[in-house]
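Enquirer: Okay, so TrEMBL annotates it like this:
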type	residues	note
BINDING	Glu70, Asp88, Asp91, Asp215	Mg(2+) 1 binding site
BINDING	Ile90	Mg(2+) 2 binding site
Amino acid sequence: MEENWNDIDQFTKSSIKEAGSKIIDSFDEVLKIQTKSNVNDLVTNMDKQIEKYFVEKIKDHYPTHRVLGEEGFGDQVEDTAGTVWIIDPIDGTMNFVHQQRNFAISIGIFHEGVGMLGYIYDVVADELYHARKGQGAYLNEERLSQLGEVPVEEAILSINATWLVPNKKVNHEQFASLVRRVRGTRSYGSAAIELAYIAAGRLDGYLTMRLSPWDFAGGKVLIEEVGGTITDLKGNDLSLVENSPVFAGNPAVHSEVLDKYLKH
Ligand code: IPD
Ligand code: CA
Ligand code: CA
């Protein structure tokens, strides 16, 4: 089916802004906080309410579209046929609960597996990153530049300290030598914000061990639209229906770090 991407884009932007207002309003209310896979994996009534809001609105306007959402109010999505929305209603829930900032709404819209539209909304900063395939990426009304070349020595790398101490998943020494080489490191606690920052050139690389499709779907569309690269740690394309380690970055930083630190 032919989609009207202009219409979908307008619909998504206004829905995201409305969802953002709901979240801001919730700051005056007492949150109901629960844990999921472990004691530090938090979910609140707002994560659920916002996802439900999107799913109901999408199903109403676009009944043939499928929705893959973190909190499970959408569809059971196991393939990428047709038009699929991949939604994280609040990415950075721990920040949302503890800091009331540094969290984002993330949405990627894919057609037959191709990223068509991407959105990351940093609600408190009121920064909406948005991209449409072939038509550029924007931060609010401002067009984002294509990513230029940055030497690894001048790169700012986003990495969580967990991967720099002995851990079960990766050889921390390998990451430590990369950290010593780059200009600086950061960690914001929201994959979506970190990916948006890559697209905006505020970060040059982001390395993380386990993300779900809703963490990176919106960011993938944004990053690819400005000429950045987003893959797993071996340089393979990310699956839109499976969890994966993720390495995103400026193309020069991505290719050198992949070759020298990750591939073997
Ligand atoms: C989490 C954040 C965090 C990342 C975790 C994600 P959530 O998402 O993006 O930065 O390190 O892997 O699960 O649970 O806050 O939506
Ligand atoms: Ca998330
Ligand atoms: Ca979430």
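Glycine residues also receive a Cβ, built from the backbone N, Cα and C atoms like all the rest.
Source: prediction; values computed, not measured.
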Enquirer: Centre the Cβ atoms of Glu70, Asp88, Asp91, Asp215, go out 8 Å, and tell me which other residues of that chain have a Cβ in range of the Mg(2+) 1 site.
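Expert: Near the Mg(2+) 1 site, the remaining chain residues are Ile87, Pro89, Ile90, Ser106, Ala191, Ala192, Ser212, Trp214.
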Enquirer: Would you kindly give the Cα-Cα distance separating Glu70 (Mg(2+) 1 binding site) and Ile90 (Mg(2+) 2 binding site), rounded to the nearest Å?
Expert: 9
Enquirer: If you run the three-state DSSP split on Asp215 (Mg(2+) 1 binding site), which class comes out?
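Expert: Assignment for Asp215 (Mg(2+) 1 binding site) reads helix.
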Enquirer: From the binding-site residues listed here (Glu70, Asp88, Ile90, Asp91, Asp215), select those whose CB sits under 6 A from an atom of ligand 3.
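Expert: Checking each Cβ against ligand 3, the ones under 6 Å are Glu70, Asp88, Ile90, Asp91.
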Enquirer: Where does Asp88 (Mg(2+) 1 binding site) sit by DSSP, helix, strand or coil?
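Expert: DSSP call for Asp88 (Mg(2+) 1 binding site): strand.
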